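Quick look at what TrEMBL annotates:
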type: TRANSMEM; residues: 12-30; note: transmembrane segment
type: TRANSMEM; residues: 42-62; note: transmembrane segment
type: TRANSMEM; residues: 74-93; note: transmembrane segment
type: TRANSMEM; residues: 113-134; note: transmembrane segment
type: TRANSMEM; residues: 154-171; note: transmembrane segment
type: DOMAIN; residues: 246-538; note: domain 'Sulfatase N-terminal'
type: COILED; residues: 587-618; note: coiled coil
Amino acid sequence: MKFFKKPKVPLYILAAILFGLKTYIVYRFMFNIGIDNSMQELILFINPFVSAFLIFTIAVWFNKTSRQMKYIRYMALFASLIVWANLVFYRQFTDFITIPQLFMGSNMGDLGSSILTLIKPYDVLFFADVIIIWILSKKYEGTLSVQYPKSGKVGAVAFSLVLLAGNFFLAEMERPQLFTRAFDREYLVKNIGLFNYHVYDIVVHSKTESQRVFADGNEIPEIEEFIETNIDHKRSEEMFGIAEDKNVIFINAESLQEFVINNEVNGEEITPFLNGLAEDEDTYYFENFYEQTGQGNTSDSEFLVENSLYPLSRGAVFFTHGGNEYNAFPELIKEEGYTSSVLHANNKSFWNREGMYDSLEIDNFYGEEAYEVSNENSIGWGLKDKPFFEQSIKYLESMEQPFYSKFITLTNHFPFEMNEEDTSIDKFDSNSNTLNNYFPAVRYMDEAIEQFFQDLKDSGLYEDSVIVIMGDHIGISANHNRAMAQYLDKEEITPYDQVQLQRVPLFVHIPGHGEGKVMDEVTGQIDLKPTMLNMLGIEQEKDISFGNDMFSEDRKDYIALRNGDFVSEDYIKTMGVCYDRETGEPVDDVIDEETSSEQEAEQQKEQVASACDSIQEKVDQELAYSDSIVYGDLFRFVDFGKDQAKEEE
Ligand code: GP9
Ligand code: MN
């Protein structure tokens, strides 16, 4: 093979250069990493090479030629696999893998058809350098290895460590407190590279694990005080007990985002039933309701709803802390005579539901085996929503009342596959198949929910129930922004728009109520537990949670997103910028336009900055407290008065 000439540099250096270059190309063109200035550009360029040298320089410590070559070969393969795995993961989640997520391996397997659509044929090219290194290392085994004296070995490694220190120094300059805050994985990867990010992640993971072991509940009073001062738990008296003793039917609408409500595609309504429901006199429809999930998707939304605590910034809390002590909604209503269940035609182990549902004291889980599933009535992730609801009615009818039942739909899940016969509206036409497919899939779910309402009426359950419908999280990630901008008829999706796209629909439907309306208050998934408890007329002596009754006038004035961004009545803060919530303009720009004197403008900017900072401080604190409750399993140390209640029974 003439093509593979003997290179002039030692193989470890060649491997490092090739691998560094490849990683840089991936960063720059495959991950959607925002670059704001030339310093960031420089750091992004340097860091792949720094990591690559660190990895491959270790080869010089192998004295035996064949071992040295073997190390380089396998390292090239292993390191490439790590980058590639992140790439595939990124295509779905616009995020990087975390260690807890690796332990969710069973879930990754279940992703099945989704994973296949994420792997592209041209990914083969990604391993080109591995092949080159592999061939060279075999062909020129003797001459491409290096034998340095001890001082040379130490020198080579020391050199790569100096490079690393330089990289960290630049990163810290560019983004102070990078390592301590670390809310955002993209910053980390951008500044220190994927490999160092993974090492960092391992360290953080071990640290949080030890948090549980050493926790003793000392933090509780401080957390309670924070909640008392910052989160008003005043309830809406009007809504108190409005659904007393009624069944609660909760529909977790997979990947349903707010932007489809009252909207059209190709001139057709996307969600005719839900649009009508939003206007219905028995419905409160919350149009500024935000999803607050992290990496745990549906399971994170469930966690928020049941506990009014935040999921974690890394991994899925259902997995990592499924055995904790909680003070969850199902458990609290059990004391009032409710039974609770979840119906979801997927296997029990997904998201470790089985484990977490025990901790949340959910009585019954109707999983895949409770349904008749065949090739004909399945698509994508499993049983289609229409047969799912149809087959669920018999279970509902057999339940002891009052009950709390949560239905988790499945059909409207990425990649939004649909059969011809279930498709009522045309796809969108853009460069994103994901977005194109989304609309017919959403319509299918709309029809499924409509049919379910009819079945509830036919079974006589409707009148005695309240029905809550909630979108669990976004379905269309930032990877599809170009298509999304086209659909929304915008030039581009700004960071502000990105936050607004985190709105999901929330319907509270109370048959016979007659006073429903569209609510424009800023609310979120964290609020559902207190809201539902209040509607059921359940008072609590004591709770530790971070939400408010959504119907109450006295609420905290912000909603924290899991990445530390927030939405308040006035502002949206994301990527370090404060935007006007109504107009979407950066607040500083608005001030520049509206004020005549520069001095006045400066003054106003300072005021806004301090208002935004003060909310940000609370948001950071709130997320940190919630995390410490989960990491430390702190509810082990709290007496919520439940044991006493049980004794009295
Ligand atoms: C799977 C369902 C959907 O059981 O929760 O998965 P997700 O939306 O979390 O990827
Ligand atoms: Mn979901």
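Heads up, the Cβ atoms here are built off N, Cα and C, so glycines get one too.
Keep in mind that TrEMBL annotations are predicted by a computer and have not been checked by a curator.
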Should the transmembrane segment (12-30) and the transmembrane segment (154-171) be scored as in contact, given a threshold of at least 3 Cβ pairs under 8 Å and pairs 6 or more apart?
no
Looking only at residues six or more beyond either end of the transmembrane segment (113-134), which have a C-beta under 8 A from one in the stretch?
4, 11, 14-15, 18-19, 21-22, 26, 72-73, 76-77, 80, 83-84, 87-88, 91-92, 380-381, 413-415, 417
Model confidence over the coiled coil (587-618), as mean pLDDT, sits at 93
Please indicate, using numbers and ranges, the residues of the same chain that are 6 or more beyond the transmembrane segment (42-62) and have a C-beta under 8 Å from a C-beta there.
11-13, 15-17, 19-24, 27-28, 33, 35, 68, 71-72, 75-76, 79, 146, 148, 152-153, 156-157, 159-161, 163-164, 166-167, 170-171, 174, 190-196
